[in-house]
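Structure first, then comments.
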Amino acid sequence: MSAFPDSMDQKFHNMTVNECFQSRSTVLQGQPFGGIPTVLVLNIILWVFVVLLYSFLRKAAWDYGRLALLIHNDSLTSLIYGEQSEKSSPSEVSLEAERRDRGFSSWFFNSLTMRDRDLINKCGDDARIYITFQYHLIIFVLILCIPSLGIILPVNYIGTVLDWNSHFGRTTIVNVSTESKFLWLHSLFAFLYFLINLAFMGHHCLGFVPKKSLHFTRTLMITYVPTEIQDPEIISKHFHEAYPGCVVTRVHFCYDVRNLIDLDDQRRHAMRGRLYYTAKAKKTGKVMIKTHPCSRLCFCKCWTCFKEVDAEQYYSELEEQLTDEFNAELNRVQLKRLDLIFVTFQDARTVRRIYDDYKYIHCGRHPKQSSVTTIVKNYHWRVAHAPHPKDIIWKHLSIRRFSWWTRFIAINTFLFFLFFFLTTPAIIINTIDIYNVTRPIEKLQSPIVTQFFPSVLLWAFTVTMPLLVYLSAFLEAHWTRSSQNLIIVHKCYIFLVFMVVILPSMGLTSLHVFLRWLFDIYYLEHATIRFQCVFLPDNGAFFINYVITAALLGTGMELMRLGSLCTYCTRLFLSKSEPERVHIRKNQATDFQFGREYAWMLNVFSVVMAYSITCPIIVPFGLLYLCMKHITDRYNMYYSYAPTKLNAQIHMAAVYQAIFAPLLGLFWMLFFSILRVGSLHSITLFSMSSLIISVVIAFSGVFLGKLRIAQRYEQPEEETETVFDVEPSSTTSTPTSLLYVATVLQEPELNLTPASSPARHTYGTINSQPEEGEEESGLRGFARELDSAQFQEGLEMEGQSH
């Protein structure tokens, strides 16, 4: 196909503009230099304001006394913006860092000068992998700035398609004539960017070895076991007969413990309240409280529901009631057995042999039989390596088969329609235009209206969407936390890329247009016009403004943590007593959400890579975002979040997504070549070939990486014991939390027996109050409970992965 002359390029460009965007649309109207200078200045001003505001709040909340801050300080700013001293004991915080952190803005400079070693010692090995990943992206984008600004940008600018008045448009690929040989540079660099990125991700993977602790255990998880089997000896007998020499050391049955876990949480909460008010009553006398959830919002004492009651008696009676309900449910749990068991064997080779025997059972292969085969029905079993006990979400094990898949499909179908069709910012603003809401401002033609507001709106949706995905993952009821986190990583990234990059880029700016594009066969005949929307200069400016907003306003708001503030305020206003508020404060020490942060960062990285060739000015702003994101994450990981231990598969998922990002740039170049120079042009053929080669290389690299890891684990394991695989006779010192039994079933009466409750003694008994030392000891144990649980869990899981 012959190339169009420059006049045809200009005519086609004008037709595309009129077709992609309505004349009154406030989304991507043409502005001087795309409105980028205005958006940049506004974001700098807002970033400075947010940082100064955060510095003030942080200084006002500064307190080195951890216990005083947690128990006695009711300051809202202290509870939200307090330092890591809220989450760790003073011995875990560097005294030198505290001494250097006394100035108004010293926290900012400390984040810049903080050594990686200090961050890793404080936050663990996952933090090291995360910041190393950021280092690779920063260096990669820094290298991309050289050809993007030094070669591609001048080539675009010297083009002759657009007028000299089109300042921003002249920096894009639209300004390059279809007859120009310089278009070869764009295709070559798009392929080169992919290869460089692949090399950087390969180098990053050398820095850590993904490990699955489940391959180092000698425990198998077996499903579809008949629930009528109550005797573990039947399971042991089957394995002894079917696999001679096999020694079963332990068999754990699983039960439906959803209600039991909820009751246990409630009675523990009541116990905390009783301990707190018993100790307080000894010092200050009887304490009266309001028990209605909205009592903090209403000061009226005339209503019955807002009457004050004796706090100690209220929590004592509540604890007694919940303990009775718990014990009754505990007796019923034995009748709620699930068709799932955990079987631990003596040696790892036996585990490998049994696992291989059941690996292909779904393909019609029959496993070995025994004299009890008709009872255990092992031909229906599904066998897998058992995850770490601390990784299992026990209350979700009862949701299986049809119910689980129905729930999963329904939730994700709803999210699909919500994010793809309804919440794209361009769709929302165009829908507003339909109802003439924007008519009063259509004559303003202000970059603040046409560029800054849509970019802020897009950023707001990219912040809200991962939160909804994160909450939906809990509704999906995954069996393990690792699978739940992996789902969050992949879903967030896929939804973000479609919502931010693909749909708006292709000009699908209204639900009506999308449905026509999807179903109207006559409308599809004009699909060429729609795909031209990818290469409009204003389209590139919109995404540059989005990257700028994410780099400045976005990172500033990550420091503020408004989500935590809103959550805290809601929970605080609905709390009924001081113990609940103490518990809420301690719960502010949440884990750093690596999956969510990976998705946010890689979404912006994908935007940069998609437009790095067609709109090269976006690359330095992408570098700005990565640097600002890195500094913000360093601060948040060190000061604001609790240490986190993850399955390394999450880090590998981020690597795969980063490898995918440059493919968007290759897709965009292929679309441009097909639409502008024809499907049989040599540049189009080269773009298609490079895209196919890149896809093959990417998938081959992912496949070979997974195969290499799988082969490593296929090798015979060393006879290394894990703490939950040892013989029963040697588990006297084994923590019960490391057994394949739900925690609530291990020692359900620990520290919560009805005999320890004052409610059991005060009615008709004398001298039944616990000793003061006992109460204070219980209160101290309550204060330590949340502090150590998360970090200890991370240490246990880390120990299993080595």
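Backbone N, Cα and C atoms are what each Cβ position is placed from, and that goes for glycine too.
Note that the structure is predicted; figures quoted are calculated from it, not measured.
The topological domain 'Extracellular' annotation in Swiss-Prot covers 1-35 (among others). Here the topological domain 'Extracellular' (1-35) has a mean pLDDT of 48 out of 100.
Per Swiss-Prot, transmembrane segment is recorded for 36-60 (among others), and the stated evidence type is a large-scale study or a structure entry.
Taken from Swiss-Prot, the feature topological domain 'Cytoplasmic' applies to 61-124 (among others), supported by a curator's inference.
Positions annotated as phosphoserine by Swiss-Prot, on the basis of a large-scale study or a structure entry: S75 (among others).
Swiss-Prot lists S78 (among others) with the feature phosphoserine.
According to Swiss-Prot, the transmembrane segment annotation covers 125-157 (among others), on the basis of a large-scale study or a structure entry. Beyond the transmembrane segment (125-157), the same-chain residues lying 6 or more positions past its ends with a Cβ under 8 Å from any Cβ of the stretch are 116, 119, 170-173, 175-176, 182, 185-186, 189, 192-193, 196-197, 200-201, 203-204, 207-208, 592, 594, 597-598, 601, 605, 608, 612-613, 616-617, 619-620, 622-623, 626-627, 629-630, 633-634, 637, 644-646, 648, 651, 654-655, 658, 798.
What Swiss-Prot records for 158-180 (among others) is topological domain 'Extracellular'.
Annotated transmembrane segment per Swiss-Prot: 181-205 (among others), in sequence order. Among residues of the same chain six or more beyond the transmembrane segment (181-205), those with a C-beta under 8 A of the stretch's C-beta atoms are 132-133, 136-137, 139-140, 143-144, 147-148, 151-152, 155, 173, 609, 612-614, 652, 655, 658-659, 661-663, 665-666, 669, 673, 677, 683, 686-687, 690, 693-694, 697-698, 701, 705.
According to Swiss-Prot, the feature topological domain 'Cytoplasmic' maps to 206-401 (among others).
The transmembrane segment annotation in Swiss-Prot covers 402-431 (among others), and the record cites a large-scale study or a structure entry as its basis.
Swiss-Prot lists 432-446 (among others) with the feature topological domain 'Extracellular'.
Annotation source Swiss-Prot lists transmembrane segment at 447-476 (among others).
Taken from Swiss-Prot, the feature topological domain 'Cytoplasmic' covers 477-480 (among others).
The transmembrane segment feature in Swiss-Prot is assigned to 481-517 (among others).
What Swiss-Prot lists as topological domain 'Extracellular' is 518-540 (among others).
Among the features that Swiss-Prot reports, transmembrane segment is placed at 541-573 (among others), with the record citing a large-scale study or a structure entry.
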I'd like the per-state residue tally for the topological domain 'Cytoplasmic' (641-647) from DSSP, helix first, then strand, then coil.
0 helix, 1 strand, 6 coil
In the same chain, which residue numbers or ranges, 6 or more beyond the ends of the topological domain 'Cytoplasmic' (477-480), come under 8 angstroms Cβ to Cβ?
387, 391-393, 396-397, 399, 404, 407, 487
